[in-house]
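Notes for the one structure printed next.
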Number of protein chains: 2
Amino acid sequence: MSRPYPSCQGPPPPSLREIPAIGKRAPAPCTCRRSPAQIHALIAYLPTHGQNVTGVFRSPQFHPCFRVSPVVRRGRISVTTTARTAANTLTATLNPRIRHSGFAALVTSAEDAAAMIGNGATVGMSGFTGSGYPKAVPTALAARAEAEHAEGRPFRVRVLTGASTGPELDGVLARADAIEFRTPFNTDPFLRDRINKGETDYVDMHLSQLAPMVWGGIYGDLDVAVVEISGITENGQLIPSASIGNNKTWLDRADRIILEVNSWQSAELEGMHDVYYGTRLPPNRVPIPLIRPDDRIGQPYFDVDFSKVVAVVETDAPDRNAPFTPPDENARLIAGHLIEFLEHEVKRGRLPRSLLPIQSGVGNVPNAVMTGLCDAPFDPMTAYTEVVQDGMLDMLDAGALRLASATAFSLSTDAAERFNSNAGAYRGKLILRPQEISNHPELVRRLGVIAMNGLIEADIYGNVNSTHVMGSRIQNGIGGSGDFARNSFMSIFLTPSTAKGGKISAIVPMAAHVDHISQDVQVIVTEQGLADLRGLAPKKRAAALIQNCAHPSYRPLLEDYFARAMRDSWGLHAPRILPEALSWHQRYVETGSMMP
Amino acid sequence: MSRPYPSCQGPPPPSLREIPAIGKRAPAPCTCRRSPAQIHALIAYLPTHGQNVTGVFRSPQFHPCFRVSPVVRRGRISVTTTARTAANTLTATLNPRIRHSGFAALVTSAEDAAAMIGNGATVGMSGFTGSGYPKAVPTALAARAEAEHAEGRPFRVRVLTGASTGPELDGVLARADAIEFRTPFNTDPFLRDRINKGETDYVDMHLSQLAPMVWGGIYGDLDVAVVEISGITENGQLIPSASIGNNKTWLDRADRIILEVNSWQSAELEGMHDVYYGTRLPPNRVPIPLIRPDDRIGQPYFDVDFSKVVAVVETDAPDRNAPFTPPDENARLIAGHLIEFLEHEVKRGRLPRSLLPIQSGVGNVPNAVMTGLCDAPFDPMTAYTEVVQDGMLDMLDAGALRLASATAFSLSTDAAERFNSNAGAYRGKLILRPQEISNHPELVRRLGVIAMNGLIEADIYGNVNSTHVMGSRIQNGIGGSGDFARNSFMSIFLTPSTAKGGKISAIVPMAAHVDHISQDVQVIVTEQGLADLRGLAPKKRAAALIQNCAHPSYRPLLEDYFARAMRDSWGLHAPRILPEALSWHQRYVETGSMMP
């Protein structure tokens, strides 16, 4: 079937469809996708004025209260009621986070909402690095999947998110074996296990690219969006939660929308977001008008087509992130080497005194670097990054950072409580944006971001594996590291020189998988030291990495390998002993250690 | 030593330093870097008015004609002459390509110009895919290196270019063993041999990134620029040649400048270039105001600080590019599969009828695709690419392409003659830009480029090796393929399914080196068929690649490997048999064939 290329990507015109005035017909054709329960709730709300309402709705089924024309799945049915229905569903309007009566009328249970998601559906869910993910509906969906499976019926969905979520989303759904397909990022151990057993298809993607690819039709139609928000305004706009991620895209693209309004999220989040509505599909893209991390180029709320909203679920549940371990000696050493290097770059006139906007991956080592930067002799910095971790809050508190732009929080329980109890203090210092914008190559390159990311292993030439343990098991995913490393002003990777108590070396003869090619890896730092690889040809990169970064227990092995490669390799541009290149990984698989 | 971070990258203000009026002092301090020969030539020009001249010059040496203060290398010396020197050096003014008398006075021999380049110098040379490279000075420099070597003295330089050059640059210098270090791209067989024997350090780089890295000070000071141009205007601006590459940066950053004015290049090139002067170092970067491939955002000439120009060398020599072989059956099949796919995408509404701006790598297969596109049922297209090949000229002639933006030509001898004899006909249809702009991630993403590049091998998961044959020998380099593939709207790789008469398979269990990670590889096409990898998890990518793209003689081997990997791999996300993953490459090294 032939269809025209969409001339523009972007939200539907902000034509928030209001409930028709009492006694009036709803504008026809109504494009709403509400379930009978929602139609019921809507009508339950309206007759409090004591009048009847007539409207035209699309519904998968119809509600028994109504006199309706024949049911057509997803077709249009006429609904008329003269019944004054139970006003007790109106308790939802008491929630101060829901300041729009139309939405209040759609409040329903997580179970009823989950019932609107069919087997095989493609679902766009909120959530980025364990914050702002829906908590009630996925849990109910998992229960439903288990019930279906118990009856011998298949039930699995395709799940798209911003990035990683929490145990109440990926965890419960993975345990229920309810995820057929997952993209673009995951950190949940249960889901990881499904993926590595070959039971769930997983596409780890550059995080800036999922939204445009969904707009471009690559992932098919988006059946449902399940998005956590922190509130709904009087005008029916949505106040984002602790992450923005791909939510704008899910709201714009999904056929139906389920909202979770989470009262646990700070009400002070309102106004901290900057949702840019200028993205388009080519050839209609224009420059993104952001030239400083501080710039606001959008609006603080999501627009939403009310007619697509089928359920509003109330929650009061915390984001669940693991606490950071206090920086250990290795993390402190890594931070020390890095800060010394940055000072050196400032002294040589290659970085300004306030550095350039920093991006930091998630984890204990990057967090330790942030902590170290609190006392570093730089002018107040900015961050243009994916995620605000504990360490960045510390930097903001200490005045070392004057502004952080991100798409999400990823705070430990303690830090989240600290933030929530005093969120107003961060007003003007924190901006959350869609991940399409926080990670946009155009902006990363323009701002000259200093990218700092972690790795699993680097080979002696500086090719980095961030994702595939021993080349075949996925750890998390590439996430935004590729968006930043490729386009940054300076791309730095940080890692302890060994893992698993010394049984794995972070510097290996050959990486068993490559996520960041050597061109995108300019500096590597371990607790042993720092290798500045910029402008170095392969053999000089190898010398620097082996000498400065490898652990002393692996250094002689690497030196021996490299010396023999210099003698025996087919080519001497990047010498390699092919039969031995992956032998360390094989030894680990066989013996549990890379050490011979 | 501490120095301030430069507040802006960009050209020096266009303060073209004119020769002082007769009898006046040159503005002091003069920052020129002229050799004695140049000072001589300048003074030879001036006294034709019968007057003396007094100036202040910097020079590495001084000329015996002049009464001078003590010599200081690169220091400032006072030069005074009362001698009326030989007017015969003025023959240069007869060259109509040199419309500025100050430059005409600097005309000298290639040998004298080469004498100004010292052992160990870092030299920025023009040249991109075999066009617009200097031809006389590098040849003279190679002769000089050979003479020095014959005397037992070291002589090697560090060479930075736009991309590949020609035999008169990389070839002669490599044969003379005069290249210590080379970046960012090479295709010369003699230099390749030096690199793969470990005799020359080579850094293959993303082509968009060299200029900003040089501005950022990563490659140290640029001692000399040697830039081919097609002429000099009356105002002392430079008319670029058949490639722009990094020339703006070399001219802005080098201490001294040697120009080659090549009369072989079409005079009609004047006006075809668009040199953007808005690049900066962060944090002073701003949006690049280009939203269509057609947009002109700069000026047709290079600005140059006249005081840095130390020599002008006249040449009349062709760019030397190998002829394209006529498309063979495989190339036609690849083009056919690709065009069918693009038609399908248009039909599904995922591409506009004029497609999106196309980028095409260099080589016979991409050239065949261009030829195939001449008859494809699309609306007139545009190209936003690095290089204009023969096939793109054909498309322009056929009206299939309405505009091509690039940084260089890469034309066969026949096509270059065709272009030169009728260059005016392409006015308004061709724009050449600096490679920083032609390959800029901001613009590649904004325009939504359809990237088409070649490869050496792809593994079954779609990771691509474009550079390292059997993992250790460099073929050419990554070039601009990473700039385009990562940020494109659609990233396509094209290759015959085998090489070396079937002894090498383009689809292998594991790539022996990775340049393009699977996230950046969306479509792979061989003569066997096309694999659309978008949105597919690793095992589905493997199935598609083995089934659609592998050669039938290798397909059973790949199927067998993959089936055993599914059984034996440590992880089943991306199954892999580590000890066997590189065995095909090892077999090739040992036996000359990947086939068992």
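These residue numbers are counts, starting from 1, taken along the chain as shown.
Cβ from N, Cα, C; glycine included.
According to TrEMBL, the domain 'Acetyl-CoA hydrolase/transferase N-terminal' annotation covers B:103-314. Positions annotated as CoA binding site by TrEMBL: B:GLY361, B:VAL362, B:GLY363, B:ASN364, B:VAL365, B:ILE456, B:ASN476, B:GLY480, B:LYS500. Summarising the annotation, TrEMBL assigns active site, 5-glutamyl coenzyme A thioester intermediate to B:GLU386. Here TrEMBL flags B:429-561 as domain 'Acetyl-CoA hydrolase/transferase C-terminal'.
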Fewest other Cβ atoms within 10 Å: which of the binding-site residues B:GLY363, B:VAL365, B:ASN476, B:LYS500 wins that one? Let me know. B:LYS500
Please report the number of other Cβ atoms within 10 Å of the Cβ of B:GLU386 (active site, 5-glutamyl coenzyme A thioester intermediate). 32
B:ASN476 (CoA binding site) to the residue listed as 'active site, 5-glutamyl coenzyme A thioester intermediate' - Cα separation in whole Å: 16
Report the largest Cα to Cα distance, in Å and rounded to a whole number, among the residues B:GLY361, B:VAL362, B:GLY363, B:ASN364, B:VAL365, B:ILE456, B:ASN476, B:GLY480, B:LYS500 that the record lists as binding CoA. 25
Cα within 10 Å of the residue listed as 'active site, 5-glutamyl coenzyme A thioester intermediate' - qualifying binding-site residues among B:GLY361, B:GLY363, B:VAL365, B:LYS500: B:GLY361
Just to confirm: which same-chain residues, 6+ apart in sequence, have a Cβ under 8 Å from the Cβ of B:GLY361 (CoA binding site)? B:GLU386, B:MET452, B:ASN453, B:GLY454, B:GLY479, B:SER481, B:LEU494
List the helix, strand and coil residue totals of the domain 'Acetyl-CoA hydrolase/transferase C-terminal' (B:429-561) as derived from DSSP. 42 helix, 37 strand, 54 coil
Average pLDDT across the domain 'Acetyl-CoA hydrolase/transferase N-terminal' (B:103-314)? 97
